[in-house]
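One structure below.
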Amino acid sequence: MAQSWSLIVGVIGILFYIYHNNSQQSVEESVVLNGTYDYIIVGAGSAGCVLANRLSEDLTSTVLIVEAGGSEEENEVMHIPALPGLPQNTKQDWAFRTIPQKKSCQGLKDQRSAWPRGKVLGGSSSINYMHYIRGSRHDFDGWAKEGCEGWSYKDVLPYFIKSEDNRIPRLKNSAYHGTGGPLVVSDSMATPLPDRVYRWGMEELGYKTVDCNGESQTGFCFGQETVRNGERWSTAKAFLRPAMIRPNLHVSTNSYVTKILIEKGKAVGIWLVKDSVKYTIKAREEVILSAGAVNSPQILMLSGIGPKEHLSSLKIPVKVDLPVGNNLEDHLMLLMIFRDNTSSGFNPSDWADLQYKLFRSGPFGKVHLEASAFHGDDKKAPPYFQNQFYILKANTRLAKDFENNFNLNPQITEGVFKFYKNMVEKNEGVITASNILLHPKSKGTIRLRSADPFDPPLIDPNYLDHPDDVKDFLKGMQEMLRLSNTTAFRSIGASPSDPYLEYCPPCNSLPYPSDEYWKCRLRHYAVTVYHPTSTCRMGNDNDDTAVVDPQLKYTLLLSFIRVKGISNLRVVDASVMRHVTSGNTNAPTIMIAEKAADMIRGIDSVKDIRKKTEHL
Ligand SMILES: Cc1cc2nc3c(=O)[nH]c(=O)nc-3n(C[C@H](O)[C@H](O)[C@H](O)COP(=O)(O)OP(=O)(O)OC[C@H]3O[C@@H](n4cnc5c(N)ncnc54)[C@H](O)[C@@H]3O)c2cc1C
Ligand SMILES: *[C@@H]1O[C@H](CO)[C@@H](O)[C@H](O)[C@H]1NC(C)=O
Ligand SMILES: *[C@@H]1O[C@H](CO)[C@@H](O)[C@H](O)[C@H]1NC(C)=O
Ligand SMILES: *[C@@H]1O[C@H](CO)[C@@H](O)[C@H](O)[C@H]1NC(C)=O
């Protein structure tokens, strides 16, 4: 009997395997490249894939997109939502490390933070945690106020909607969301806890339950994720692959761009290295840099666009003196852990594995980042939001992340890994509440290590340099401690116990839970949430901190007089953000690319959506 069952299951499995593989569009990269294109896009990440799709919609222009990494399909686990941390430190990850930090990362190996970035089609959207958060309306209104004309909330909302295919039933009638776009957004709910416990706990603390991507971001919200039918929906899947059938789009993978070719103040092409061979490819209209917040500034500096003194010290001829690589902003996160008496939430079993293989459903089909909350005052001017909280159940995945991804010192990795593993084995509950500081005052830099394009750049996020950042973090910690002591949380036996206590010298010698203890935890064990932005920030013509203007082009500033910079060159990715947004950065990066595509094409593709959203 058992045998015939497994035979039936096996046959169904094979049928589904064939079905899934046929329904996948497996278009291959272009083999033969042309010498000239109208547009060259550097980097097939969150922004680059959107641009490749939108620019090639116009069948009269030719487009080349160049990516240093390979296909996202080479990684066998990249599509599984429940295992988003696994692609880190593989071939598909640049696996950067920051320079040793002075006031943070003290419990990390060499005081260096791991800085993963996707090196693959889809870029960081192929290795991220898929949480979909657009940012607050005040973020974009703030950008506009600081000189980024055309980037207010009213201006950008139509582009968020244009991209989206929102499949969450409770948001069906929301004017803030779109359907029918390439980017599928689905519900993160994987266990009953967000609805049964988290929500009520937050409401006890005075938070309203809201759609964080809707009218007001302040409050508690059920998670939304870029997952389609149980698979990661990277921008490679959503935007690039459907466009790869167009004859006017070429895709070149494993192609490392080393420099922008500049002639007489005009970007005319790129240099790239593929299979150890150097190529020059020309652009008739524009070169668009979408290599992300680390590599876009790196490529600019290698091309002679950057801080004069820095370039001169490396003997790189200076073409334009601009603050490239300055103003780096990133989010730092502190994980707080509470025990509870519900089950472990995500307990991978053979059945779960089979269920996923057959139907793309079950626990493997969700990210398990089930809820977020935003703390702050939505009515106030900046800094409107102080903190974001993720609330999730411990599971094997967090154990793995601790083991592999945070670059923690071996002692704490082993301790916390053991703690999580033990909980999972005994099927005991742990709730992890992450506290994220949304608007840090500390700013960092990206600099070149050398003039060699294959040398990884020097990344200095300068975390916790500004004393206010520590103070603002503490407010978030107090909030999460209060959450663990609400009636809702106490009803599942939650206690603000902290397993780090056992394993985290020197903090464990301090009284728990004192401010001193939390400050120590913060300086030793806070980790990045992977949201670097603003290294080629946008600003108006007489802003000497800006690298690009609101058209995302180059401006050169000399004593408040605008001098012609480099023409035919744009930057379109997370590096142009005026400031890091209040939340995760994939959705706003996609929005930036959608808007830039319209600017480049000189069209207004969102007229109709704008009419419908003007009153919002
Ligand atoms: C581990 C992780 C988890 C995250 N979790 C979330 C989340 O849950 N939700 C969320 O919204 N955001 C998340 N983010 C952030 C989000 O994914 C990024 O902000 C976003 O993807 C940035 O897009 P981008 O286009 O600026 O850069 P990227 O997507 O990084 O794209 C840059 C591309 O350029 C390529 N490139 C770089 N240099 C060169 C070169 N010299 N030649 C050719 N190609 C080059 C890269 O290989 C890459 O493909 C996460 C990020 C990481 C790394
Ligand atoms: C490549 O070049 C050929 C020959 O000139 C041309 O027909 C084709 O349209 C070009 N394709 C792209 C994507 O540039
Ligand atoms: C938890 O809440 C109860 C009453 O609501 C209060 O008496 C107690 O002091 C709180 N405990 C902590 C650790 O804050
Ligand atoms: C969890 O703890 C609460 C509060 O102590 C208790 O009421 C509940 O019965 C416990 N549930 C289980 C499954 O142990």
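Heads up, the Cβ atoms here are built off N, Cα and C, so glycines get one too.
These features come from TrEMBL:
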BINDING   Val120, Val257  FAD binding site
DOMAIN    118-141  domain 'Glucose-methanol-choline oxidoreductase N-terminal'
DOMAIN    292-306  domain 'Glucose-methanol-choline oxidoreductase N-terminal'
SIGNAL    1-23  signal peptide
Secondary structure tally of the domain 'Glucose-methanol-choline oxidoreductase N-terminal' (292-306) (DSSP, helix then strand then coil): 11 helix, 2 strand, 2 coil
Secondary structure tally of the domain 'Glucose-methanol-choline oxidoreductase N-terminal' (118-141) (DSSP, helix then strand then coil): 9 helix, 3 strand, 12 coil
PLDDT averaged over the residues of the domain 'Glucose-methanol-choline oxidoreductase N-terminal' (292-306): 97
